[in-house]
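As recorded in TrEMBL, the features of this protein are as follows:
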TRANSMEM  B:12-29  transmembrane segment
TRANSMEM  B:49-71  transmembrane segment
TRANSMEM  B:91-116  transmembrane segment
TRANSMEM  B:123-144  transmembrane segment
TRANSMEM  B:201-221  transmembrane segment
TRANSMEM  B:248-268  transmembrane segment
TRANSMEM  B:288-313  transmembrane segment
TRANSMEM  B:354-375  transmembrane segment
Amino acid sequence: MDAILLQILNGLDKGSAYALIALGLTLIFGTLGVVNFAHGALFMIGAFCAVTLQRILNLSFETVDETQTDFLGNPLKVKTPYVEAWFGPEFGGSIIDWAVPLAILFAIPVMIGVGYVMERGLIKHFYKRPHADQILVTFGLAIVLQEVIKYFYGANPIQTPAPDALNGVMNLGAIIGMDIIYPVWRVVYFFFAVLIVGGIFSFLQFTTFGMVVRAGMADRETVGLLGINIDRRFTIMFGIAAAVAGLAGVMYTPINSPNYHMGMDFLVLSFVVVVVGGMGSLPGAVLAGFLLGILESFASMNEIKSLIPGIDQIIIYVVAIIILLTRPRGLMGRKGVMED
Amino acid sequence: MFGLDKKDTSMLIIVAFLTLFAPFILNPFPTDSAMAQFNAGYPDLMQRFVIFGIFAIGFNILFGLTGYLSFGHAAFLGAGSYSAVWMFKLVGMNVIPAIVLSVIVAGLFALLIGFVSLRRSGIYFSILTLAFAQMSFNLAYSVLTPITNGETGLQLTLEDPRILGVSATADGSIPVTSLFGLEMRSTFELAVGPWAFQFNAGYYLCALILLAAFYLSIRIFRSPFGMMLRAVKSNQQRMNYTGLNTRPYTLAAFVISGMYAGLAGGLMASMDPLAGAERMQWTASGEVVLMTILGGAGTLIGPVLGAGFIKYFENIFSKINDNVLHSWFSFMPDGMEDAAVFLLHPFIGKGWHLTLGILFMLVVIFLPGGLVEGGQRIKGWLSRRKSKDSDTSSETNPAE
């Protein structure tokens, strides 16, 4: 029983990352009709926002500390981060410690900016061109972004730890009288994902802006004829989708140290998730993200692996292929959309 | 000639000339000169040119002719490599059975994947092939370890049976791949003055196969079958409405291009008998997409040019480093020299992928026909200028 609960938790956790990326991906497909192969790169840029903030906060100056000496009797040089000097060692130190959560604030404007520039500068010109061209140009863009990151940050993974307070483990099962030891940050990640998903859904459901966007998704031309500047709203939605991917990346950094090819690694999976959920269906993407995450973590249980060796490596693809062949519009896709 | 019209024959002859005289053409600079680093006439690289050329020609039959964008073609390349290495392990070091088996295995594999993937078109097809490729990669990487030897990759060992050959040579080493005794690695060096030209047996085998593959692709392009594929590309729905079942045609195109990929994989293993899972990763499939688009999808010679272009730059361009740049710009004043090197630095050496990505994006945005279309545009522009210069009065205005 414990093991099963633990696998469900693991799955929800993996699923959170899938769901967040797939949500942005399907938001872009649903509004603009663009297949964005650069979405993984946006996830990666988000992760590197956290790295950047961590580096900025750690900028430090050197002072000579006369009270301490090294083994030759010379005074030691001590590095003090500027933040600690300004805010005092205690408060400054905790700011540095909380670099990853703080990076959320930093990443939102950056990601919206990146998304805005991307849509206005490149994707805008590809609405009328075939899907193959969209895939190709965004694939090229993904390579470029990946290489730029590699140029500035190097090819090695960069450690970005979670704040000390959230870095340990907790016993989740205490409430129901069981022992389920689980890393705190992963729980935080799950709730963060739920928060973002809930935020996006209520934004689309309860605001006028969201209503117009939904109307535009259903029938772009008519909404345009009503005198609403739907293009501008879609651009904003692209920015929001980029921000969702970026935030997923920021919060993911303590789980897996960011490296320059993490975007490409996640891209294939998130496409699979989108397709299983139904191209353009937001609830579908979220549902499929969590479902596939849970499925994957169950397949990686030893009991199942001993029955069917290697199943954990391919289960997602097998499911995706079966879904695509039997129900091309995906779990929650609209009837008639992309059912060719 | 060969059942081709005049234009195609001349193109085939040009390609034949380029491939057969590649050791000269790719080696234009004397060995000791400063420009010698731009020479690409050594066997390893020449082999890669033609092998990836074959791969790209095959991909072009599917994407350029039929319009199906597959992101999983590296899976067939990998399957071809694995089967060729197995042939070397079990039967013998002759390359012919290995290549034949790799084409057959890749063809069967493509039949299986194509049968499933071709039920969908458009982005769904791309994502299906992507999923299949990634699945094959994971299978090769971990699940099928007894066959693929997992992450280490499949290699020859001294214990392999090799029924039609020897397990180990007289001096106790692993035998090398050969064509009925002609070793693939044997290289004849010709020194003419300061130049050293290398003629490699393996390269010439690959080059001849490339010519055959190229000839076959011309025939496919010009055949009624090719016309049918073009029709599928321009409007599949209309084809279906006229009562024609397009599935067999697309499936045939898919299998043919898969067999080309398997042939490339088999040749790759024949030149260097090992196979690894990383050949099947989806980014490797992306590479052949880059080649085909960059050269010109849907044109005959485009994919070969694209493959040559990318492989040349990958191997030669990436060797340019800051020191070389400094020597190039040494004629400038100091500050400007440093500035020029600083500006170019991200795009050279290890950063050449960035250049490739930017170039690829520019081609997709502005030049959908790739390098071939670029060449045609320049040619058209030049000839228009020439005709304007020589004779402006004969220009006729069409009646509205």
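Here the Cβ of each residue, glycine as well, is placed from N, Cα and C on the backbone.
Automatic, uncurated: that is what TrEMBL annotation is.
Most Cβ pairs under 8 A with the transmembrane segment (B:91-116) among the ranges B:12-29, B:123-144, B:248-268 are made by B:248-268. Using a Cβ-Cβ cut-off under 8 Å and counting only residues 6 or more beyond its ends in the same chain, the transmembrane segment (B:123-144) has close neighbours at 68-75, 78-79, 82, 113, 116-117, 150-151, 277, 280-282, 285.
The largest share of C-beta pairs under 8 angstroms with the transmembrane segment (B:248-268) comes from B:49-71, of the ranges B:12-29, B:49-71, B:201-221, B:354-375. If you look at the transmembrane segment (B:49-71) against the transmembrane segment (B:354-375), you find fewer than three C-beta pairs under 8 angstroms, all six or more positions apart, and that falls short of contact.
Remote same-chain residues near the transmembrane segment (B:354-375) are listed as 290, 292-299, 301-302, 305-306, 309-310, 313, 317, 346-348 (criterion: CB distance under 8 Å, separation of at least six residues from the stretch ends). Same-chain residues lying 6 or more positions outside the transmembrane segment (B:12-29) and placing a CB less than 8 Å from one of its CB atoms are 2, 4, 35-36, 38-41, 45-46, 49-50, 195-200, 203-204, 207, 210-211, 214-215, 218, 301, 304. Taking Cβ pairs closer than 8 Å, the transmembrane segment (B:288-313) reaches residues 8, 11, 14-15, 40, 45, 48-49, 52-53, 55-57, 59-60, 63-65, 69, 71, 73-74, 210, 214, 217-218, 221, 261, 352, 355-356, 359-360, 363-364, 369-373 in its own chain, all 6 or more past its ends.
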